[in-house]
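Visitor: Quick one: this structure, given as C-alpha cells, is what I'll be asking you about.
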Amino acid sequence: MAAAPTQIEAELYYLIARFLQSGPCNKSAQVLVQELEEHQLIPRRLDWEGKEHRRSFEDLVAANAHIPPDYLLKICERIGPLLDKEIPQSVPGVQTLLGVGRQSLLRDAKDCKSTLWNGSAFAALHRGRPPELPVNYVKPPNVVNITSARQLTGCSRFGHIFPSSAYQHIKMHKRILGHLSSVYCVAFDRSGRRIFTGSDDCLVKIWATDDGRLLATLRGHSAEISDMAVNYENTLIAAGSCDKVVRVWCLRTCAPVAVLQGHSASITSIQFCPSTKGTNRYLTSTGADGTICFWQWHVKTMKFRDRPVKFTERSRPGVQISCSSFSSGGMFITTGSTDHVIRIYYLGSEVPEKIAELESHTDKVVAVQFCNNGDSLRFVSGSRDGTARIWQYQQQEWKSIVLDMATKMTGNNLPSGEDKITKLKVTMVAWDRYDTTVITAVNNFLLKVWNSITGQLLHTLSGHDDEVFVLEAHPFDQRIILSAGHDGNIFIWDLDRGTKIRNYFNMIEGQGHGAVFDCKFSPDGNHFACTDSHGHLLLFGFGCSKYYEKIPDQMFFHTDYRPLIRDANNYVLDEQTQQAPHLMPPPFLVDVDGNPHPTKFQRLVPGRENCKDEQLIPQLGYVANGDGEVVEQVIGQQTNDQDESILDGIIRELQREQDLRLINEGDVPHLPVNRAYSVNGALRSPNMDISSSPNIRLRRHSSQIEGVRQMHNNAPRSQMATERDLMAWSRRVVVNELNNGVSRVQEECRTAKGDIEISLYTVEKKKKPSYTTQRNDYEPSCGRSLRRTQRKRQHTYQTRSNIEHNSQASCQNSGVQEDSDSSSEEDETVGTSDASVEDPVVEWQSESSSSDSSSEYSDWTADAGINLQPPKRQTRQTTRKICSSSDEENLKSLEERQKKPKQTRKKKGGLVSIAGEPNEEWFAPQWILDTIPRRSPFVPQMGDELIYFRQGHEAYVRAVRKSKIYSVNLQKQPWNKMDLREQEFVKIVGIKYEVGPPTLCCLKLAFLDPISGKMTGESFSIKYHDMPDVIDFLVLHQFYNEAKERNWQIGDRFRSIIDDAWWFGTVESQQPFQPEYPDSSFQCYSVHWDNNEREKMSPWDMEPIPEGTAFPDEVGAGVPVSQEELTALLYKPQEGEWGAHSRDEECERVIQGINHLLSLDFASPFAVPVDLSAYPLYCTVVAYPTDLNTIRRRLENRFYRRISALMWEVRYIEHNARTFNEPDSPIVKAAKIVTDVLLRFIGDQSCTDILDTYNKIKAEERNSTDAEEDTEIVDLDSDGPGTSSGRKVKCRGRRQSLKCNPDAWKKQCKELLSLIYEREDSEPFRQPADLLSYPGHQEQEGESSESVVPERQQDSSLSEDYQDVIDTPVDFSTVKETLEAGNYGSPLEFYKDVRQIFNNSKAYTSNKKSRIYSMMLRLSALFESHIKNIISEYKSAIQSQKRRRPRYRKRLRSSSSSLSSSGAPSPKGKQKQMKLQPKNDQNTSVSHARTSSPFSSPVSDAAEGLSLYLLDDEPDGPFSSSSFGGYSRSGNSHDPGKAKSFRNRVLPVKQDHSLDGPLTNGDGREPRTGIKRKLLSASEEDENMGGEDKEKKETKEKSHLSTSESGELGSSLSSESTCGSDSDSESTSRTDQDYVDGDHDYSKFIQTRPKRKLRKQHGNGKRNWKTRGTGGRGRWGRWGRWSRGGRGRGGRGRGSRGRGGGGTRGRGRGRGGRGASRGATRAKRARIADDEFDTMFSGRFSRLPRIKTRNQGRRTVLYNDDSDNDNFVSTEDPLNLGTSRSGRVRKMTEKARVSHLMGWNY
C-alpha cells in the first residue's frame, strides 16, 4: 500500500480526474478513478467525533460541487500572470507551463539573476563568430573586454562594440533657417558630405554636412518641391514639383541637365533606378494625374530622352499615384494609388512592363517600401484602411501577410486615450536595415514593430503626440530607427528592446514647435538631417559642434528669390543679369530680412573664401520701384557718410560703357538693351512689374520686412560676371563624384542584387501556383492621406504661384520698409562707433549671462585698429530688445546667482568694526588695487585674449566650496551649461566687480575662432577671485603661445618666479593632469625642484634659463628677480592696441593730460583714493575703487595692456561716484565732467592740451541745455561705468514726449495698422468675410459647396455655419475705421479687437498646416512685437500724468478705505480680500461701440484653436477681398421679421486680486444697482463736462457708495464714466515688465487666493442700437445680428458709426430693425461695459499660468493663456468648448480632456 498522500497531492489527483472527465480522455479518467479508490488516494472525511471514514470519488465530487471540471486549467492560467508581477519573464505574453529559466513557472529571483561573462568568454568564437550574449545579460558588456577580444579573434559583433546606448550621445549641431516656407524634402548625397533640401519656396539648396555651410541654391521651379532624388553615381539630383515639371541638375556644377515635362499634374514622387544594366538608366516620376513616367538617361553623357515610357493608371477620374519604391536591385518598382490598387512594374526586360495589380486594400494606399536586401522579393504597403501588408512573390503570385493596426500587445496596456481613434490608418511604413522587422506608423500616434516573417506584433512604441510621417532606418544598424512627426518630436528607437533611446523636441522660440516633415540618415550613420514646417534645416550627429559654431543661424543668398525668365523649353535665366543661375558669380550671404552678414560669414560662400574684406561688403545701389520710390540701400556696414566715393561713380560709368560696347559687338546677345541707370549710376530695371517667381512671403519673427525677397531688385554690375569669372566659376565643384573604388563596389553590389531578383522572379514564376490566397477585407473609410498626397490636396490654397499677380504691388512696396525694430536698434548701436561689424556689445547682449551694463564696454579698439572712439553706453531698452527671451531668463538667473553670494558673504561679519572703521574683509583686495603689472595673479583687462582652462576653474570652484568662502551653484557653472573643451580660446568682452567679501571679478568671455581669431558669437560668464594656492586658470594667449613654442623635454632645466624670486628645477615627465583631459596643457609637466620637492607645473609658468644666469649659493634656494627681468616677462602690446602711436607715447601723453586735469578744482575730489575712515561704507558699495592718481601710476608703470583697458577704468570714476552718491549731486556731475574730458582726450590722439578739450565740452553743454530736457537718464542702478554720452541717447526726445503724452498711442496704433496693411499676410483679414464663400450659407442657398473653401469641408463639421463658429466677426477695415473715428479709449481696446481677428482665425480653420493659419501666426507675431511697446508707453504716460495731478486728488484716494483705482498699494497686512461680482445689465453683452462691434463675448486668446480663413481655389486670380477677415450677412438668407435673441454669457472664472489689482469705483467698493444705473444714464452728459466738473461729480458719486460693501471689489463700471477719471487707463498700466514674447501674456498680476466664481446674471433691458433699411451689403450690417428689439433682420441701414459716435457711416445688411442709432449713448455704455470686461480680462490673467500647447491649430482648450472660454460653461461639465450661436454645446474630445486635466508634458 502506498504511503498516504498529502492533502495537496490528494486534491491534485482529484482535480486531474475531474479535468480528464471533462475532456476527450474519459477512459483515462475512469482508470484513474479506479486507481485512486484502490490506493486510497481520495481524501477521507471526518465525522462530528473526529473519526476518519473512507469515501468514494462520487462522494468527493458531491462535496465539492463548487469546483468546476476545468478548475485545474484555470489555476494553471492564473499562475503565470501572478508570477510575472514578481519576476517578469524574458518574453512577455508567452503562457507556458513548460518553460525554463525566466520562462519557468518555478523561477525565483536567484534563477533570474543576470549573467556576467569574464574577459575570456568574449574571445570565444561560435561558428567563426563571437557568441551572442545571453538574454539575462542586462547591461552592455565592457568595451575594454570587447576590444581585447577583437584583438585576439579579429572580429566582434557590432552590437557589442557599439551598444545602442551610444546613440544617446547624438545631439543637434545646428538649426539653420534657410527657407521661407515649409521644407518637405531632405536628402544626402551618396558620400554623405552634402545635404539637399527642397522647400515650398520652390528652391533646392545644397548644404555642407561637416560644417553646415550653404553651398548653392538651385532655382527654376515655380511651385512647391514635392520630392527629390540623387542618382547612385552621385552626379545628378532630380526634383519634382507641384508645377508638373521634373528638373535635373548636375551636382558637380549645378548646371541644369534636363527639364522633364511629361505630367499634367503635380509630381508626387521621384526616384532613380538602382539598376546597372548597360549604360542606360531610368529616372521614374509619379504624378497626381495617375501616371508613372520612366525617363531614360545615359550614364556617361547624362543626356535624357525627351519622351518617357509612360503608364497611365486611372481606373476612374481623380486617381493619383501617391507613392513609389524601387527594389534594392532596381528590377522592380511598386506604386500605391488612391484607387486602393498597388501596381508592380518589371524593368528586367528591354522596356519597363507592368506585371501585377494588387487590390487587397480597401482604402487609399499611402506608403509602399521594398525591402533593403535583394534575397527576397518583398515589400510592405500601408493603407488608410487600417492595415499594412507584407507582400512576397511566391508561386506566380504576390501573397501578403496582413498587419492589423488594431492588434495590441499581450499584457501591455495602451496609454490612456490612444485607442480612442475610431478608425485606425497607417501613415508610414519602413523596414529595418536587415528586413527582420517592419515598422508602421498609425494615426493614433503609435509606432508598431512587426516580425516581417510571421507578422507578429513585437513592440508598440509610444511617445509621439501627433501623426508620424517620417520613419527612417539606420543605414547599417538594424536596431535603430528614427521617427518624426507633426508634433515636433524626433525619436531614436531601439527596435530590439522596443525602447526609446533619444528624443529631441523642435521648439522654436516665439513660434511654438515646428512640425518635422522629413528626416534622413547620412550613409555613414554619423549624421541625420531633419526639416520642419518653419523652413529650418536641423543637423544632428555625434561629436563636437565646433565647426557649426562658425555659421550664422539664418543663411540665404541674396539671389535666392530673384525673378526668373523662362524660354520655350522651361529653362530659366536670372531676369536681372540675363545669366543662367549657375553661371552667376558667388552671391552674398544674407539673413531672412535681407541684411548681409558680416564679412567673416561672407567667406563661407564658395568662391569668396580668399576675398579681401572690401570685396565681401555688398554695395547694392538705389533702385526705383514701381511707385517711383527708392529701395533701401543694403550694405554690409552702415555709416553716417552716405556720399558715395568718386571712384564708385567712375567704376559704374566704365561698367555702363562696357555693357554698351558688348551689346554693339554682339558678344552678349542676352544682355537687355533697354537697361536704364538711376541718378547715382546704379542699375535700374525698366521692368519692375515682373514679380519674383516664386513670390515668397516672409514669416519670420516680429520684424517681417520683405528682406530676402527685396534683394532681387538690386543687381549691380558687381554681380554680373565677366568672361573670366564665368570660366573660373564653371570649374567649381559643388558636389564631388564618388571615389572610383567606392563607386565600383557599390555598382557591383547593385548588379548582384539585380541578378538575384531576376533569378528569384524567374524561379517563382515557374512554380505551380497556389490557389489559397490570404486576403482580408475591411470597411472603407475616409481619412487623412499621406504627407505628399495631403500636400497636393492643399496645393490650391497653399501655393504662392496661385496668388502671384495679386501680390505684385506689395512686393514692390516691400523695399521701402524702414519700420523694423531690429534695424533701428542696430543703427542706434552701431551709430555710436565706427567699429567693425563684430560688435562685442551686441554679442554680450545676445547671450547675456550677466546683469551688469559695464559688460557693454568691450574692446572695440582692438578690433577697429586705429579707431579710438569709445563705445557708448546703450539704453536699457536697446539691451532688452537685442536679448532673446531665453537670454533674459539667463540674465535673471545670473542676477539671483550674484545676489545670493552677496547675502551669504555679508553674514560673516559686520560692515563696520568696533572702532568705527570698516571691517578689513570689505576692503578691495591687493590684487585689484595693485598698480604694478605682474604675470601672476592674473588681473583681467578689457580685450584680453586668453586661454581658459576648465580644469583650473573646476579646481577654483572646489576650493571655494571647501573653504565655504561664498556659495557656488554648480549647475550654473559654464561646463554644465554648454560643451566646453579642456581649454578654450576666449576674449574678455565684459568685466564687472561684485562687492565682497570677498570681492569677485565677473568676466564675460567670448569664444574666438582658433584659426581666424574672430569671435564666433557664443560666450559664457564666470566669476572668481584670487585665492592662495589656487593656480590661475586664465592665461594670456600671448604667454600660452610662447610656452607652447618652448616644447619642454624630459631633463630640461627651467626656472620659475615664486614670491618675486627665481626657483630652479628639472622636467621629469609630461602627462595630462587629469586623464579625462588628455590634450590639456594645464599642469601637464611633473617637475623636480632643486630642493627635492616635486610638483605639477604648467608650461607658461616655466621659463628657460638664459646663459650667464646667476644661480643661488645654496642648492634649492631662490634668486631675487631683477626689475629688468620682470619687465621682460610682461605682456607685449600688439599692433593697433594703442592706436597709431606706441604705448609709451600714449601713456606719456595721457599722464600729462591727467596732470593738467588735476589742476582744475572740479577734478580734485577724484585725485586720490576715497578716505575710508571718513566714508566707512564706501567699500561696501563700490567694488572696484579707482581715482586719477591710481590711473596715473598705472600709466607710469605701463600697467594697461591696451588703450581700451585704460578707457574702461576711466569710466569707473563716474560709475563709482554714481553708485555711492545721489544721482543729481554735485560730485556726480563733477565725475561726469572728469570722465567725459578724459575719455575724449584719450580718444583724440592728436590732442595734447586736455584743457582745450575741457573748454570744448563745457561749450557743448551750454549749447545743449535746452536739448537736455528732452533726453532721458538711463537706469542709475546699473553696475557698469559709462560716459555722459552713454546716458543721453540720441533721438530720445521723441520717445520721451511719447511717454508723457497719453494720446500718443493713437498715432502709434495707426502706424502699426499701416505696417500691418503693408504685409501681404494681412490681405485675408482686411475685409469682412463673404458668407457666399462659406459652406453653411451655401447650403441654405442651395448652392454647391464643392468649389469653395475645401479645407473646412473636409472637416466633420460641414454643416456648421460660419456664424455658429464665429460669434464676434471683426476685420482690419473695421478696426481701422474705428481707430480713425477716435472711438478707442485706450490701446488695450485696440489690442482686443485685433486679437479678436486672430482668435477668429484660430477658431475657424481646421488645418493648422494651412497657409492661412501660417499667415495669421506671422501677422500675430508682428502685431504683438509692436503693441507691447505702445501699451507700455501709454502706461508710462498715464502714470506720469498722475504724478502731476493736484494734491487734493491724492487725498481723495488716500481717504478710501480700500484699494483705489489709482493702483497705489495698500500697506502690507492691511490689504483686504475683495470679491468681484460683475452684474450683467442690458449692455453687458456689448463690447465697445468704439469698435463698431457690439459683440458679447469677451476677447479671448484661447479660442478653440483653429484658424479662421481659407483661400478660394483661384489659381490665377488674386485673393477675393470678401473671402476673409470679418463677416457679412445676406439679408435674404432668413425670413425678415424674425428677430433672434441671444443670451448673455459671462465667464465662470475665479478672480484673483493683487496689490495692483483690477479697477474699482474709486474707493474699492462695488456700486449698488442704483448707482450703476445712474452711471449708465449719466454717461452722455459727461461728454460735455469739463475735467474739474467731472472730478467733482466723481467725488459726489463716491460719497453715495455704501460703506457696507467696502470689502468687495467693484465691477469697474465707473472706470470710464468720467473723462477725468484715470481708472480706465490705469487698467491697462499694471506693470510694464509683464510683457512676454510668444503667447501674448500682457496682464500678469501678483496672485492671491481666489475667491468665488462670477455669477451669470441676465439683464432685461432693451438695446438702443437699431439699423434701418432693406437691402445692400456693408460692414456694419454684420453687427446687426446682435441687436435686440429690432423690427427685422434684413435691410440696409446705418450702423453705430453713423450717428452720435463721431465715426464714419456704415451701410450694410443687418438683422436689426429700423431706427437711428444713438451713437453717443451706446459708445458710453459700451465703454462702461467694456471696463467691466476689463476687470474680468485682468482677473483671468491673474489666475492663469502661461500655458503652451503643442496642438497649435487644433480645437482644444487653453491654446493661449488669455482666457479659458468665451462662453458660459456649466459647472457640471467644465471641460467643453462653450456653446455655438445655435446654443449647441461644443464637446471636447477625450484626448483634449486628458490634456486639459493632466497638463501638457514636454
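Including glycine, each Cβ sits where the backbone N, Cα and C put it.
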Visitor: Of S266, S703, S781, which does Swiss-Prot mark as phosphoserine?
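Guide: Out of S266, S703, S781, Swiss-Prot attaches the phosphoserine annotation to S703.
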Visitor: Swiss-Prot annotation phosphoserine: which of S324, S645, S1579, S1770 has it?
Guide: S1579
Visitor: Of S693, S1098, S1225, S1497, which one does Swiss-Prot label phosphoserine?
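Guide: Among S693, S1098, S1225, S1497, the one Swiss-Prot marks as phosphoserine is S693.
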Visitor: Can you work out which residues elsewhere in the same chain, 6+ from the ends of the repeat 'WD 3' (255-297), have a Cβ less than 8 Å from its Cβ atoms?
Guide: 220, 223, 226-232, 236, 238-249, 303-305, 307-314, 319-331, 333, 335, 337, 343, 345, 347, 352, 569-572, 580, 582, 747, 750-751, 753-754, 788-789, 792, 795
Visitor: Which numbers of helix, strand and coil residues does DSSP report for the repeat 'WD 3' (255-297)?
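Guide: Taking each residue of the repeat 'WD 3' (255-297) in turn, the totals are 0 helix, 26 strand, 17 coil.
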Visitor: If you average pLDDT over the repeat 'WD 3' (255-297), what do you get?
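Guide: Per the prediction, mean pLDDT sits at 93 for the repeat 'WD 3' (255-297).
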Visitor: Sort the residues of the domain 'Bromo 1' (1138-1245) into helix, strand and coil with DSSP and give the three counts.
Guide: 70 helix, 0 strand, 38 coil
